[in-house]
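Visitor: Next up is a structure, given as structure tokens.
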Amino acid sequence: MKVMIMAGGTGGHVYPALAIADALRQRGHEVVWMGTPDSFESRAVPKHGIAMEFIRVSGLRGKGVAKLLTAPLVLLRALRDALAALRRQQPQLVLGMGGFAAGPGGVAAWLTRRPLLIHEQNAAAGMTNRLLARIASGVLEAFPNTFRHALTVGNPVRAGFAELPAPAQRLARDGAMRVLVVGGSQGALALNTLVPKALALMPEAQRPQVRHQAGRTLERAQQSYAGTGVAASVEAFIDDMPAAYAWADLVICRAGASTVAELAAAGCAALLVPFPAAVDDHQTRNGEYLVAAGAAQLVQERDLSPELLAELLRTMLSDRAALARMGEAARRAAWTDATERIVAECLAQGSARA
């Protein structure tokens, strides 16, 4: 069976889709990808040996009047390109996992009467998936109750999380507490500033060991720690994230869909600071899933000061047993078989066309 995957824009869309692509190919199925040129997916996907079809389309929110006036022409051209790509590739199933290409690609699948399966990674559905859900053959969601009628399957996570030790086992060791700060591939300037300042307010004997993934904001993060005299290991990217989560007693991070899924799979207690500019405030909705499970605390960036963060860290890091309970709650909230569930739906939907 040939599956065309549509996903792009950010790692939050692309990495889960790559996990599905790898699983499908391991089962002997062919995968092609629809995305946009000069994009995250155009750089990431070919490294996995997956052929790509490109259509030219971009987001329309907040683009101004001139952009909106030309939008119909842009969308019609993108739909034409998507139809041409489907004619060339002849997939038995089209799987939409978010990004700009998914809109025209999904409509093209519907017009050519190909099965269309969509997967929404966030707790608040994006505009494209809200529209495609009306015409899709099947709708999958990562978080419960994102759609009125959908199958909840979770978010795929990269390999390695299933082998991590249990939270109670990890927290049974002696020594200084360990905090992992994850700003994502783009970095998080607020965390770069707030975390060092908060740690500087804590007595040196109470300060945890800190490992900070700063992404593109590496230099600013290094300067922040140096300026406050706080020791930390600051890195642009961490290749082995399962090992990083296993090292940590507490994670301070945003609440993107992939991050929330990884926290749950790893069984990590978390202090979540949602990205305030996320569309439809979807990161707050994502984070509330872990808060409701007893696995995380959530503080909005606008409310977070160095003083409040220092107090939260003192309280959370002083109770290993509570952190272990939060970690166990996170694991209970995980969808460890998300990849298998999505692949099974792909095969079920596509079999009618095979």
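Glycine residues also receive a Cβ, built from the backbone N, Cα and C atoms like all the rest.
Heads up, here are the entries from TrEMBL:
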DOMAIN    3-139  domain 'Glycosyltransferase family 28 N-terminal'
BINDING   T10, G11, G12, N122, R158, S185, I238, Q283  UDP-N-acetyl-alpha-D-glucosamine binding site
DOMAIN    179-341  domain 'Glycosyl transferase family 28 C-terminal'
Visitor: Indicate whether G12 (UDP-N-acetyl-alpha-D-glucosamine binding site) is helix, strand or coil by DSSP.
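Guide: Note: G12 (UDP-N-acetyl-alpha-D-glucosamine binding site) is helical by DSSP.
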Visitor: Only counting partners 6 or more residues apart, tell me which same-chain residues put their Cβ under 8 Å from the Cβ of G12 (UDP-N-acetyl-alpha-D-glucosamine binding site).
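Guide: Residues satisfying the criterion: G98, Q121, N122, G256, A257, S258.
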Visitor: Taking DSSP states H, G and I as helix and E and B as strand, how many residues of the domain 'Glycosyltransferase family 28 N-terminal' (3-139) are helix, strand and coil?
Guide: 66 helix, 25 strand, 46 coil
Visitor: State the three-class DSSP label for R158 (UDP-N-acetyl-alpha-D-glucosamine binding site), counting H, G and I as helix, E and B as strand, and everything else as coil.
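Guide: Note: R158 (UDP-N-acetyl-alpha-D-glucosamine binding site) is coil by DSSP, not helix or strand.
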Visitor: Please give me the CB contact count at 10 A for N122 (UDP-N-acetyl-alpha-D-glucosamine binding site), counting all chains in the structure.
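Guide: Within a 10 Å radius of the Cβ of N122 (UDP-N-acetyl-alpha-D-glucosamine binding site) lie 26 other Cβ atoms.
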Visitor: Please work out the number of neighbouring Cβ atoms within 10 Å of the Cβ of Q283 (UDP-N-acetyl-alpha-D-glucosamine binding site), leaving out its own Cβ.
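Guide: Excluding its own Cβ, Q283 (UDP-N-acetyl-alpha-D-glucosamine binding site) sees 26 Cβ atoms within 10 Å.
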Visitor: Over the span of the domain 'Glycosyl transferase family 28 C-terminal' (179-341), how high is the average pLDDT in this prediction?
Guide: 95
Visitor: Cβ distance under 8 Å to R158 (UDP-N-acetyl-alpha-D-glucosamine binding site), same chain, sequence separation 6 or more: which residues?
Guide: Y15, A19, M241, P242, E262
Visitor: Taking the Cβ of I238 (UDP-N-acetyl-alpha-D-glucosamine binding site) as the centre, count every other Cβ atom within 10 Å, in any protein chain shown.
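Guide: Other Cβ atoms within 10 Å of I238 (UDP-N-acetyl-alpha-D-glucosamine binding site): 18.
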Visitor: Once the DSSP letters are reduced so that anything not helix or strand counts as coil, what is Q283 (UDP-N-acetyl-alpha-D-glucosamine binding site)?
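Guide: DSSP call for Q283 (UDP-N-acetyl-alpha-D-glucosamine binding site): helix.
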Visitor: Just counting, how many other CB atoms are there within 10 A of the CB of G11 (UDP-N-acetyl-alpha-D-glucosamine binding site)?
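Guide: A count of 16.
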